[in-house]
Ligand code: HEM
């Protein structure tokens, strides 16, 4: 298994990046839908349309993309662990990367709960909140991508 991962590392890394693209697209788009959704009266035709769009975005794009990103990310990490041993976890770039990963995964789950609140007609957050928080995953992505491409602090 480890040999197979090593032989296909670059392809696995490419598919990891593709999954991240789909996941990030959803993380950036869903709060935008929420921002518009706040203006729709619960039970209205517009409300139902937004509920359908949000549900499909999470179910068809975001959840599978997150799963693939995680599975392949852990596979890449396994390979780095085989090369460098446990010391890889003390590398500043990997700590920064994993902190970003924890943040975006938590944010994904927060958005999934917010979708359920919208579906029950119980959203409490303002349009301003959804607009203001919209860019958070992108800020985390900057940290994560620069961390893996530069491997800063690497010893
Ligand atoms: C979900 C959990 C994730 C894990 C466990 C993980 C882990 C990893 C690991 C170990 C590598 C290999 C570094 C290398 O050997 O080059 C990698 C590559 C990469 N990751 Fe992730 N990652 C995750 C999510 C993300 C996210 C959310 C982003 C961006 C928003 C991201 C962006 C990248 C990029 C751009 C590369 C390629 C770096 C390069 O080729 O130099 N990853 N990831």
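Yeah, the Cβs are placed from backbone N, Cα and C, and that goes for glycine too.
Note that the structure is predicted; figures quoted are calculated from it, not measured.
Here TrEMBL flags 12-30, 60-81, 93-114, 135-153 as transmembrane segment. Look at TrEMBL and you will find 16, 97 tagged as heme binding site.
For the transmembrane segment (135-153), the partner stretch with the highest count of Cβ pairs under 8 angstroms, out of 12-30, 60-81, 93-114, is 93-114.
Neighbour list (residue 97 (heme binding site), Cβ cut-off 8 Å, at least 6 residues apart, same chain): 143, 144, 147, 148. Sequence-distant neighbours of residue 16 (heme binding site): residues of the same chain at least 6 apart with a C-beta under 8 Å from its C-beta are 68, 69, 72, 73, 76. In this structure, residue 16 (heme binding site) is part of a helix by DSSP.
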